[in-house]
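Here Swiss-Prot flags 1-23 as signal peptide, drawing on sequence analysis. Feature annotation from Swiss-Prot assigns topological domain 'Extracellular' to 24-152. Annotated topological domain 'Cytoplasmic' per Swiss-Prot: 177-532, in sequence order, evidence recorded as sequence analysis. According to Swiss-Prot, the domain 'GS' annotation covers 204-233, on the basis of sequence analysis. Look at Swiss-Prot and you will find 234-525 tagged as domain 'Protein kinase'. Look at Swiss-Prot and you will find VAL240, GLY241, LYS242, GLY243, ARG244, TYR245, GLY246, GLU247, VAL248, LYS261 tagged as ATP binding site. Taken from Swiss-Prot, the feature active site, proton acceptor applies to ASP362, supported by sequence analysis.
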Amino acid sequence: MPQLYIYIRLLGAYLFIISRVQGQNLDSMLHGTGMKSDSDQKKSENGVTLAPEDTLPFLKCYCSGHCPDDAINNTCITNGHCFAIIEEDDQGETTLASGCMKYEGSDFQCKDSPKAQLRRTIECCRTNLCNQYLQPTLPPVVIGPFFDGSIRWLVLLISMAVCIIAMIIFSSCFCYKHYCKSISSRRRYNRDLEQDEAFIPVGESLKDLIDQSQSSGSGSGLPLLVQRTIAKQIQMVRQVGKGRYGEVWMGKWRGEKVAVKVFFTTEEASWFRETEIYQTVLMRHENILGFIAADIKGTGSWTQLYLITDYHENGSLYDFLKCATLDTRALLKLAYSAACGLCHLHTEIYGTQGKPAIAHRDLKSKNILIKKNGSCCIADLGLAVKFNSDTNEVDVPLNTRVGTKRYMAPEVLDESLNKNHFQPYIMADIYSFGLIIWEMARRCITGGIVEEYQLPYYNMVPSDPSYEDMREVVCVKRLRPIVSNRWNSDECLRAVLKLMSECWAHNPASRLTALRIKKTLAKMVESQDVKI
């Protein structure tokens with residue numbers, strides 16, 4: 001009977017302990033007392049060692065907001081830590097609380113990190129009522145990287161928007177100002193044009209104006225005011241060519257066709273030089289391209305350099321030979337007229353209104369034009385050199401352009417040409433003229449045979465040869481364009497072959513003069529009864 005009583009007592013104690021353990025809620029970590037039964041606070045009689053927390057001393061802590069049910073006078077008992085905590089809720093209000101913390105997990109809870117969205121701070125201690133004096137403070141507000149980046153992006157976007165708006169306003173003002181200036185210039189131009197129409201009488205042709213200037217003027221071309229008037233009244237029709245200097249247009253002045261050479265602004269030196277040469281006294285010749293006017297047109301934002309000349313619809317000798325063949329009479333007419341033009345350039349005319357000797361320096365088939373009557377005229381004088389015999393001075397143009405490498409004389413290619421004397425420039429022109437005669441002779445039909453058109457040295461150098469390519473062929477190997485065997489069987493071509501060979505001789509002193517070439521061709525023209 002006593003044993004049964006003991007078993008009942010033990011069973012009751014066990015059930016009491018179980019009920020105490022299961023009755024703890026989730027917040028017992030913070031406000032649980034951690035109290036144990038008397039039997040739990042002692043070692044078992046069998047000598048079994050209890051857990052470490054069973055040996056820790058119990059603390060009395062101050063509690064407020066986290067008091068357990070058995071708290072007395074705002075105090076609680078625990079074997080863990082006393083704590084004080086301050087929290088901020090979703091509305092931004094702060095709450096300060098304190099209480100007891102159980103031993104289990106207390107180290108982790110005391111090192112608790114606040115959440116990113118809700119701030120809180122917890123402080124722990126291990127002496128009686130120590131948390132009564134703890135005053136935890138909330139951590140400072142930290143701006144997250146995303147929020148910080150958003151601010152930067154917002155500032156950047158606003159700055160960009162302001163800059164774009166400012167640029168739009170500036171561009172609009174600039175365009176409006178330019179538009180007003182353009183309208184003003186156009187009105188002024190139209191007003192000047194009306195005045196100019198009255199300046200040149202209606203019915204006057206270009207030939208009439210030029211004849212008048214030749215008979216009553218200085219022989220250097222139309223007066224500048226007339227030139228500017230003509231340039232203003234030109235109507236551009238279509239582009240007919242383009243080169244390294246600019247473009248060539250076919251235009252009309254009072255119904256008459258004219259050629260308008262529009263120079264790039266970078267080629268102002270070439271425009272100035274060519275204008276200067278054309279306006280040289282006594283320069284006009286039937287085998288030199290007829291000069292009409294020169295002018296600079298434009299406003300502050302654009303500039304056009306005009307050179308207005310006679311228009312020849314057959315184009316250049318280069319274009320003509322590619323699509324047409326020649327008989328001996330046509331060949332001699334082309335060669336003789338070109339020689340006449342070159343002779344006029346090279347010849348100095350003495351007198352009070354004399355003409356200086358001029359060397360072309362860029363003679364080639366593309367710079368010789370074909371007139372309606374089948375004769376030639378020499379064009380493109382942008383590189384021309386003048387010689388003043390009174391001062392013995394060689395006037396070389398100050399521009400960056402150079403001649404065409406394919407047509408350069410040996411002394412130009414190997415840089416042995418004496419630039420301080422005028423005669424070497426003349427002899428270099430003669431070499432180039434010999435190559436042009438070769439181009440013509442290839443297209444002359446004899447015995448029903450004719451060669452296709454080719455440029456000089458077509459089979460010896462690339463299509464765009466370098467100085468080294470030409471120097472190797474012309475100076476080192478001393479080669480010249482190939483000649484067909486049929487030329488020797490025709491009297492006319494045989495004479496032309498002899499002439500061109502004397503033109504392209506390696507030694508400049510051995511070459512013919514332009515006057516000698518002209519006289520030789522004149523005899524051939526006369527023997528063939530060619531009408532010039």
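Cβ from N, Cα, C; glycine included.
If you take the Cα of VAL240 (ATP binding site) and the Cα of ASP362 (active site, proton acceptor), they are about 21 angstrom apart, rounded to a whole number. Spacing of LYS242 (ATP binding site) relative to ASP362 (active site, proton acceptor) is 17 Å (Cα to Cα, whole number). Between the C-alpha atoms of ASP362 (active site, proton acceptor) and ARG244 (ATP binding site), the distance comes to 13 Å.
Non-local neighbourhood of GLY246 (ATP binding site): LYS261, VAL262, PHE263, PHE264, GLU267, LEU305, each in the same chain, at least six residues away, with C-beta under 8 Å from its C-beta.
In the three-state DSSP assignment, the secondary structure recorded for VAL248 (ATP binding site) is strand. The most densely surrounded of the recorded positions VAL240, LYS242, ASP362 is ASP362 (count of other Cβ atoms within 10 A of its Cβ). Following the DSSP three-state reduction, the secondary structure of VAL240 (ATP binding site) is strand. For the ATP site listed in the record, the two most distant Cα atoms among VAL240, GLY241, LYS242, GLY243, ARG244, TYR245, GLY246, GLU247, VAL248, LYS261 lie 14 Å apart. Across the topological domain 'Cytoplasmic' (177-532), the prediction's mean pLDDT works out to 87. Listed in sequence order, GLN239, VAL240, GLY241, LYS242, ALA259, VAL260, LYS261, VAL262 are the same-chain residues at least 6 apart in sequence whose CB falls under 8 Å from the CB of VAL248 (ATP binding site).
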